[in-house]
Every structure is written in C-alpha cells, then in structure tokens.
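Q: I am attaching a structure below and will ask some questions about it afterwards.
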Amino acid sequence: MTASEPANPWLSWDYVQNNWADISEALGQHVSLTVQAVVIAFAIALPLAMLAHARPRLAGPILGLSGVLYTIPSLALFAILAPFTGIGRTTVLIGLVAYALLVLVRNILVGLQGVDPEIRDAARGLGYGPTRVLLTVELPTALPAIVVGLRLATVTTVALVTIGVVVGFGGLGQLMFRGFNSNYHAEVMTATLLCLAIALVADLLLAVAGRLATPWVRTGSGA
Amino acid sequence: MNDDNIVGQALVWLNDPLNWQGPDGIPVRTLEHLTMSALAVLLATAVALPLGIWLGHRGRGGALTVVAANTSRALPTFALLLIFASTAIGFGNRPTVLAAAIFAIPVILTNTYAGLRDVDQDVREAARGMGMSGRRSLALVEIPLALPLIGAGLRTAVVQVIATVPLAALVGGGGLGTYIITGLATRRFGEVLAGGVLVAGLCLGAEGVMAGLQHLMTPRPMRPVGRRPRRAAARVARAQS
C-alpha cells in the first residue's frame, strides 16, 4: 500500500507512538476474546467429538447442527444474540465460540476416526477398556489432527473478532471502524496489520506447541 | 428479561406491510443482496476458475494456493472492506462486492486445484495414450473428473459471499445487513432480530439450493452411492479447511 495522499498516510509510526495506550487496550481485548473463545469452544468440542466417536449414530446430528451454526453469518448471529444477551462482550464471545465449534469438532472427530484400527486392536488385546483406549491411545494418536483444528479455529477467530464491532466489542475492529469513520488511514491499517500479526503469532505458537507435544511424529516412525 | 417482547417486536416488524415495499423493503433489499453476491461470485470465478484449472493441469502452484488460502483466513474481511471503502473505490456496494470476491477466490482456487490434482495419473496417461492432446484430455477427462470438487468450492464460495455481503451496511451500502445496522443504531432490537433471521434464512436457503445444484452438476456415475457419501464429504471438508 502506498500513500494516496501525503497528509493521510496508511502507515505512520507517529500514530502508533501517540496512541499506544489505545492500541494496546484494543489489542488486549482482541487477544483475550480470541483465547477465551477458543478455550471455551475446545472445552465443548472435545467431549462432543468423543461422544460422536463413541456413538457414531450421534456424529451426523452433532456435525449437522454445528454446520448450521457455522452457515449463519457472524453479523446475523450477533444480531440474533444481541437482543437477548445485550450489547457487549458476552454476545461476541458466544458468537465466536459457535464458529470455532464446527472446525474443532470436525477435526477432533477426523483425528479420532483416523486412528489405525490395528493400534486400537493392540490396545484392546492388552486388556484396555474402551475409556482407557480413548484416553491413552486414541486421543494422543489424534493429537496432530487436533492441533490442526486448534490452529484453524484460532486463526479464523482472530479475524472474526473484528465483526464484534457491531455490538461494540470488536477488539482491533473497534480501531478499524473508528479510523474508517474519521477517515484516518493509519488507524485502519495499523489495526489490520496487528490482526494479521496476532493470527500469525498464535498460529506459530500452536504449531510449536503441537510439535513439542507430539515428539513421535517428528521421527517419522509414529502413526 | 423481556425476551418475548423482542421476539414479538420482530414478528410485528416482519408483518408490517410497510417493510415489504418501497426502496427499503425486504424484497428490494433481498434482490440487492443477491445481485451483489452474484457479482462477487462471478468476479471470483472469472479469476479463480481458469487459474485453478491451469495450475492444477500443469501440476504447479500448490504453494500459491496454500498461501492464498492461509492469508485470506487470517485477514479479516472487515479490514479489507474498510480499506477499500477508504480509497478511491468509494463507499457502498462496490467495496463490498470487491472484498467478498477477493475472499471467495481462494475457496474456488483451492478446490479447483485440488480437483484437477486428484485426477488419477493413470487416467491422464490413458487419455494421452488414446491420442488425446493435452487440451482435449483436460476438457474431456480431467475437468469432468474434477467437477465434484469444483462444485464444492463454488458452493462454499456462494454461501460465504452471501454471508459476507451484510457487512456492506457498515460502509453505507445496501443489502439485508441494513436492517441489522439501522436497528442496532436506533436500538430497535426487534428489527435487528428480524434482520438477523432474514440473513440467516437466506444463507441456509442458499446452502440448500447449492447442495442441490452440486448434485445436478456432478456427472451421474460420480454421484456418491451407498457408503461412499461420508468419505466423499470428509474429503471435501478437508479440502476446504
């Protein structure tokens, strides 16, 4: 992006320095909303996926329902929630959790279903019960797929937080919209770049954490 | 809690004949919404489909599709929309159509590319062995075999675009998002709820229609039968995510 007018540059270090308090507040809100949403969504998705895995008949309805939630546009979902949960943080958080849910449930389920049947049989042959097989064999084996799901969910959530602007809780989206309304290019661009940076950093952190948690994948001999 | 009250207000709003006519009426806004969506999808298809077919046919550019998909996931649509609207593109519907189109490109591109890449190498060689030129093999063999995945990409793109267009209301554009934004600004939550339900309904309806179209577009022998649909669906899902 090059400056279209000299008086209103897209990138301005002065803006960042003079408004750091403002920016860091929006940044903090953005990050905390993302983290909370992903953690809550994961806490719901994990048991749901395990249930769908243990009772395959429930897999269709669970995936279908989260698919319907996912199809509803974020703006519409916030609009449907806002009259009931009020204008503010809760509304945004519920919306974000709803979107992260589908990605997480689907990836965890794919991971669990992708476990080599021979590994499962071996564990059963060692006398493991179904719960123990799930917790000590299937879940660890499915970890790479789960990490992929977490990364996807986190990156999309970072982008989605900005729509929270319609109920006044959009993190960096707040800055973008304010900058847009006052025709302040630097504010829009800084917030956009920070959004990209959060997504990138979160993705990297999760990727590294995933690698550390699954040392057997790196050797290439694991399942 | 006055939940019933808001639902009641939304029902009253939806039943008000005044909201069903004129330039701000539901039919006009819906048509506007669909026109903007159609434009965005056409734009995106015009760019992504030939590019995807070419890259997939040549077997190159896998990295490009991955980068495009990842960037579009991390870059908020809202940000791009505001940036477009602050430039010479101007306020209103035009930046929205452009932003929606840009976010639909990776979806179509990735699926088209994957569809052509997934064509069995043996099939490709058989076509060449029968004396087909590269272009004939592409038109008669490879594209028909890639159709299910291309269709899946188009379907996702259409639904995604219809879901993105409501943002137009934030930059002074039209479409069904106007009810939500006006309602929030004037604290008329009945209208907000009604607008939200209309947009959600349009998206779910579009998803249904596109699922039907995708079924029709898939050549009959390639339609999922019996136990295969689940695996096909899972593969499509993975290609999309």
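Keep in mind that glycine also has a Cβ here, set from the backbone N, Cα and C atoms.
I grabbed these lines from TrEMBL:
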{"type": "DOMAIN", "residues": "B:30-210", "note": "domain 'ABC transmembrane type-1'"}
{"type": "TRANSMEM", "residues": "B:34-54", "note": "transmembrane segment"}
{"type": "TRANSMEM", "residues": "B:74-91", "note": "transmembrane segment"}
{"type": "TRANSMEM", "residues": "B:97-116", "note": "transmembrane segment"}
{"type": "TRANSMEM", "residues": "B:137-155", "note": "transmembrane segment"}
{"type": "TRANSMEM", "residues": "B:161-181", "note": "transmembrane segment"}
{"type": "TRANSMEM", "residues": "B:193-213", "note": "transmembrane segment"}
Q: Do at least three C-beta pairs under 8 angstroms join the transmembrane segment (B:137-155) to the transmembrane segment (B:193-213), pairs 6 or more apart in sequence?
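A: Contact between the transmembrane segment (B:137-155) and the transmembrane segment (B:193-213): present.
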Q: Counting only pairs at least 6 apart in sequence, do the transmembrane segment (B:74-91) and the transmembrane segment (B:193-213) share 3+ Cβ pairs under 8 Å?
A: no
Q: Is it the case that the transmembrane segment (B:34-54) and the transmembrane segment (B:161-181) have 3 or more CB pairs under 8 Å, with pairs at least 6 apart in sequence?
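A: These two segments touch.
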Q: By a Cβ-Cβ criterion of under 8 Å, what residues six or more beyond either terminus of the transmembrane segment (B:161-181) are in contact with it?
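A: Distant contacts of the transmembrane segment (B:161-181): 24, 26, 29-30, 32-34, 36-37, 40-41, 44, 77-78, 81-82, 85, 91-93, 95-96, 99-101, 103-104, 191-192, 194-196, 198-199, 202-203, 206.
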Q: At a C-beta cut-off of under 8 Å, are there same-chain residues at least 6 beyond the transmembrane segment (B:193-213) that contact it? List them, or none.
A: 6-7, 9-10, 13-14, 26, 30, 33, 151, 154-155, 158-159, 162-163, 166, 176-180, 183
